[in-house]
Structure formats: C-alpha cells, structure tokens
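Asks: Below you will find the structure I want to go over with you.
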There are 2 protein chains.
Amino acid sequence: MAKALIKLKEFVDILFLGTSAGAPTRQRNVTGLALLPDQGSAWYLIDCGEATQHQLLNTPLSVHGLQAIFITHVHGDHCYGLPGLLASAAMNGRKTPLQIIAPKGIQAWLEATHAMSESFLPFELQFTAVEEMDGWQDHAVTVEATKLSHRVPTFAYRFLEKHTEAALDTARLHAEGVPPGPLWGKLKKGEDIVHAGKTFASADYLHYPYPLRGIIVGGDNDQPDLLREASKKAQVLVHEATYTMDVAARVGGHVQHSSAAAVAGFAASAGLPNLVLTHFSARYQADSEKSPCISEIQTEAEAHYQGNLFLAEDFARFRLDKTGTLSKLA
Amino acid sequence: MAKALIKLKEFVDILFLGTSAGAPTRQRNVTGLALLPDQGSAWYLIDCGEATQHQLLNTPLSVHGLQAIFITHVHGDHCYGLPGLLASAAMNGRKTPLQIIAPKGIQAWLEATHAMSESFLPFELQFTAVEEMDGWQDHAVTVEATKLSHRVPTFAYRFLEKHTEAALDTARLHAEGVPPGPLWGKLKKGEDIVHAGKTFASADYLHYPYPLRGIIVGGDNDQPDLLREASKKAQVLVHEATYTMDVAARVGGHVQHSSAAAVAGFAASAGLPNLVLTHFSARYQADSEKSPCISEIQTEAEAHYQGNLFLAEDFARFRLDKTGTLSKLA
C-alpha cells in the first residue's frame, strides 16, 4: 500500500514536442508529445514524427527515462522519427527494454529498417499491437485506446492515473483520540497504527477528495464524437484541429481531419473542462499580418467552447493539478 | 554547343546541412550536404540523415530544385531523413521525377516505408544502385563512385563539372581582323560567325584556361588512400574525421572511422589543394573550456596538411572558384 501511495503525484504534465500537421515548419515540428510526472525522470511519448529526438535535446527529458512509446497511426508525420530516436537511445547506452504500443505495421517496418541499416539495438523492443490491446498499464497509469476515424486505422490513448492523493479524516481521528503528529503521518502513508492499545487501520481514515486524472491524446480524426465514452473519465482532451471550418470545406472531407469548431463543439457537449488543440496546418501563421492566422483557430474554438482552452505550441508545457485544472507552465 | 556553354558557371558551392557523427547534437545535425550552382535553383543532396528536411527550412534550397540524391551508405545517420524529405516534397507539390543513387537496400526500404505509412508520392523515384553504377551524369556534372572501407558497403562520390569557362583567343582575332564587339560575344557563346565574307568557327577561337572542377564527398571510411585515384581529378575532398588519433585508438578500429591525422596525411600526399573535415563525434565540443574540444581536430589536421583546410559546421557554405580555390562564404 505504502509503495503505491508514493506514486500519487506522478503523471501530470504535458510537454508538446511537435504541433504541425503533415510537414515541419520553422516554428513547429511534426507530431510528438510527452506525458511526464512533476518529479522523477519517467515519461511517456505519444507519436514520434521525424526529429522528435532533436526536439528532446531542448527539453529535460532523457531517453533513459522513457517508459513507453504510443503511436496513434502509421502516417509518416507521426512515426518517421522512431528509427532515429531508437538509434540515439542505443548510442546513449540505454539497456532497459522499451515498450512500443502501435498499429501492427510499425513493428514490421522497424524490423525492416534495422535490417536495412544493419542496426542492432542493445535493448529489447516490446511491441503491443494497439488493434488487439485490451488496456495497458504500469505502476502509475492505465491506458485505453479508442478507435478514431481517419484515412488509416487511428487511435486515441486515454491515460488515467491509478491513484489520487489521499486525505485524512482528521475530524474522526480527533473524535477517537488520536493526536496529530507522527501517527497521522503513518496513517496517511497507508500504515496501520496502534494507539492506546487499539489498532487503527489506515484504510478507515483515508478518503480521496480528488478525481482520478485522465488525459486523452487523440490521433488524426474527423469524428471527435467517437471519444464521448472515453471523455467520461478525463479532464483533458488533446486533439487535432488541423483547419478552421472554411479551410476544411475548401480542402475537402477526404483528408479526414477536424476543424476547430468540430472539436470545440464536441468538448463542450462532453463537458470536458480542458481542451488543447494541436496539429495545425502549416498555412496558419503566427504572424497576424498574414492570412490565415493561427488566431483564427482560437477564435473559432472559443465560439463553441467556454472551458479552459489552449492552442499547443512546440515546447509548451502544461500541468494538470490534482483538482483537474490544466494550466500552462511555459 | 551554345546550350552547354550556358551551364559553365554551375556546380560550385558546398552547403553543409549536418556535420555530426551518429547522433544529432544541439549544434550539429547528422549527415547531409548540398552541392549547388552559384545561380539558379538546381542542387544535389549527398546523404540525408534525419531532419535534413528541417535543416533545409533554414536555407534558400527548395525540394523543387533537387536534381538527385546520392546516399553513401545505409547507416541511419546518413539516410533516415529520406522518407520525411520525400513526403514533404509531395506535400509541396513536387511532380518531377527524382533520381536516387544509393546502395541497393535503400530502394526496398523506401518501398516498405511507403507501404507501411500508406504514402503515395506524386512523383516518380528513379533508383540507381551505386554498387552497379558505371558513372552518372546530367547536363552539368559527371559523378563517379569509389568504394570505401567501412562496416557496411560505403561509397564516395566525385562530382566533376563537364565544362569549364571558355576564354577567347583575342590576340588571334585581332590578328585576323575581327573587331571586338558583338561578333566576339557570339564566338564566346559558341556561335560561328561570318565577317568580311569569311566564316569563323567558334571552336577555333575558344580555349579553356581553368581545370574542370572536381569535388569528392566521402562516406564513412577508415582508408582514405582508397581515394587516391579519384583525387587526381578533384580540387576538394570532403571527408569524415570522426576523432582525433588518441580517441580513435581508445574507441578501437572496429568502428572503421578516420582520424583527422589520417585524412590530412592522405590529402597532403595526394596533393589535394582543399580539404573539408566533417562528421565529428559528439564528444568534441565547440566550447574550448570543455575537453575534448573541436579545435583538437583542427590542430591535428594542420600538423599533417599545409593546404586549404576547413572544419565543417552546419549551414557553412563554401565556394569553389574557377581557379580551383575553395573559400568559406558564411
């Protein structure tokens, strides 16, 4: 019990490594996103577009702390960075196995890539085919995949923490004569105590005032509504908003991407308190003198969503606090 | 004839896109190098490590002007950037066929990569297996491959211009009574003229005071002497110098890289007037306070070579003038 409770603060930050759709720009790399605890060095990578390893050089993240890689779909801007990331992990001396949860084709492609380049990784790759995955978990999180709607089989991953921070029922402890101090500390850590000849079970005095934190990271998708069920256990949705509605109409539905309006409207109807849009078409410029401007995505989303809205940028870092509120750190 | 002469000034600049061995650093990307004319938009790419397309975003080069890609060997830091570069060329609307000269394995790997990611390029890839190549040429250059010595089959490419700038035999024209002016201009352009009832053939009045310019770009290699024959028609050698001698000895010969001393000694003995070292181990830092420092590579090379020596940096651009002298532009 005590061991699990130590992990309670983990799994809270979202660090964007790439936020451009399809091709890199000078300001935005192709898709990559890190989920990481507010302490320690463990982290998860979701998608790995080309040059994700280059982006990591400008963050505190190390390939040694990488716990698992989740790939949403096989399009190159979401996975072409895998071979280089793995090669550099090998050059950096990684020895511990690495889990890769991905569409089936990724495993065969990585094996073909390593055969072509005569690369021999000094650590094991442990593959899970997302198409057949019945949940994934480690000590800190459970991960469930939801199938989305795109030109190729594409998935969203919902990361849900296993434990929330415990609080002590101090009123009851006072009433039952247990004095504040080291005994309370032990109870909070999950240890049972003996006081005045009587045993007090930790579990009887702990309660959990905060919800389990859940973060959904979607792949490319033109039907946000597919995430309605997953959203019931999530406070944050990270979703592509490749275009504004007008551009989406001009480009045509065959690309199977979402407009800012479509995602924002879904997030509102699902009651999601925090929404982060990403994966923007390179045509949207930061410079407001040019058109179309990235602020048009923001304006369109705001018209359909009154929650906590953010547009992702490369290296933007967000923290989901224990109450379920997301804020931007940098 | 006139058409060929127009090309005389082409093929002169070397622009480094990546100069780090094995893995990228914050200052240096993995290997990539552009050869380009001093005017126009045509260029050649030699090697294409991951994020070469990202580096291009910070140069004047466009995927539309790319004439051909030459790959020296199959190690990832020399070719993992190909799929992304091709995908972005497609997104940018390239339609013209693209030639790829590379070890055989590259073609099958690119085909496997496109099958995996369900990518369909709107332009044709025309492969030449370097192992079977008996020279390559286009309007401006001939390219010959030399097999090197490395852990996998590796090649150097020597780019040799087809035409040097022509000069007019003005003394003879004066003597034969052809006055300076438009007639001289026509002769210099390769056109025959008629003057005072007599035909003057351009070829009789042109001479070529400058040598054909040749640039050798080597792949990874522990036996520079293999380039002795190719060096007879070259003024520039671009070659890896991954380590200084002391580090090379410590790392061991199995990696099959060259020390600065080995390459410099070869360039001196081959009489090469210009030498550019690249592909430096990440352990060499720019900061002279740290050890080992990149200046140690320079010092070691200078002890063995008195020619025109440069250490490459990302985005450094060099120009080979018509006399065969290399200088750094930026």
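Including glycine, each Cβ sits where the backbone N, Cα and C put it.
Summarising the annotation, TrEMBL assigns Zn(2+) 1 binding site to B:His73, B:His75, B:His150, B:Asp220. The active site, proton acceptor annotation in TrEMBL covers B:Asp77. Per TrEMBL, Zn(2+) 2 binding site is recorded for B:Asp77, B:His78, B:Asp220, B:His279.
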Asks: Can you check which residues sit near B:His150 (Zn(2+) 1 binding site), meaning Cβ under 8 Å from its Cβ, same chain, 6 or more apart in sequence, and list them in order?
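Replies: B:His150 (Zn(2+) 1 binding site) has long-range Cβ partners B:His73, B:Gly219, B:Asp220, B:Asn221, B:Asp222, B:Gln256, B:His257.
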Asks: Using the alpha carbons only, what distance in Å do you get between B:His279 (Zn(2+) 2 binding site) and the residue listed as 'active site, proton acceptor' once rounded?
Replies: 10
Asks: Just how many other Cβ atoms lie inside 10 Å of the Cβ on B:His279 (Zn(2+) 2 binding site)?
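Replies: The answer is 27.
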Asks: What number of additional C-beta atoms lies within 10 angstroms of the C-beta atom of B:Asp220 (Zn(2+) 1 binding site)?
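Replies: Summing over all protein chains shown, B:Asp220 (Zn(2+) 1 binding site) has 27 other Cβ atoms within 10 Å.
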Asks: The residue listed as 'active site, proton acceptor' has how many other Cβ neighbours within 10 Å of its own Cβ?
Replies: 27
Asks: Going by Cβ pairs closer than 8 Å, show me which of the binding-site residues B:His73, B:His75, B:His78, B:His150, B:Asp220 neighbour chain A.
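Replies: Cβ contacts with A, in sequence order: B:His75.
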Asks: Using the centroid of the Cβ atoms of B:His73, B:His75, B:His150, B:Asp220 as reference, list every other same-chain residue with Cβ within 8 Å of it (recorded Zn(2+) 1 site), in sequence order.
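Replies: These residues sit around the Zn(2+) 1 site: B:Thr72, B:Val74, B:His78, B:Leu148, B:Arg151, B:Val152, B:Thr154, B:Gly219, B:Asn221, B:Gln256.
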Asks: Compute the mean position of the Cβ atoms of B:Asp77, B:His78, B:Asp220, B:His279, which form the recorded Zn(2+) 2 site, and then list in sequence order the other residues of that chain whose Cβ is within 8 Å of it.
Replies: B:Ala21, B:Gly22, B:Val30, B:Thr31, B:Asp47, B:Gly49, B:Thr72, B:His73, B:His75, B:Gly219, B:Glu240
Asks: Take the Cβ of B:His73 (Zn(2+) 1 binding site) and count every other Cβ within 10 Å, whichever protein chain it belongs to.
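Replies: The answer is 26.
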Asks: As a test of the contact definition, list every same-chain residue at least 6 positions from B:His75 (Zn(2+) 1 binding site) whose Cβ is closer than 8 Å to its Cβ.
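Replies: Non-local contacts for B:His75 (Zn(2+) 1 binding site): B:Arg151, B:Val152, B:Asp220.
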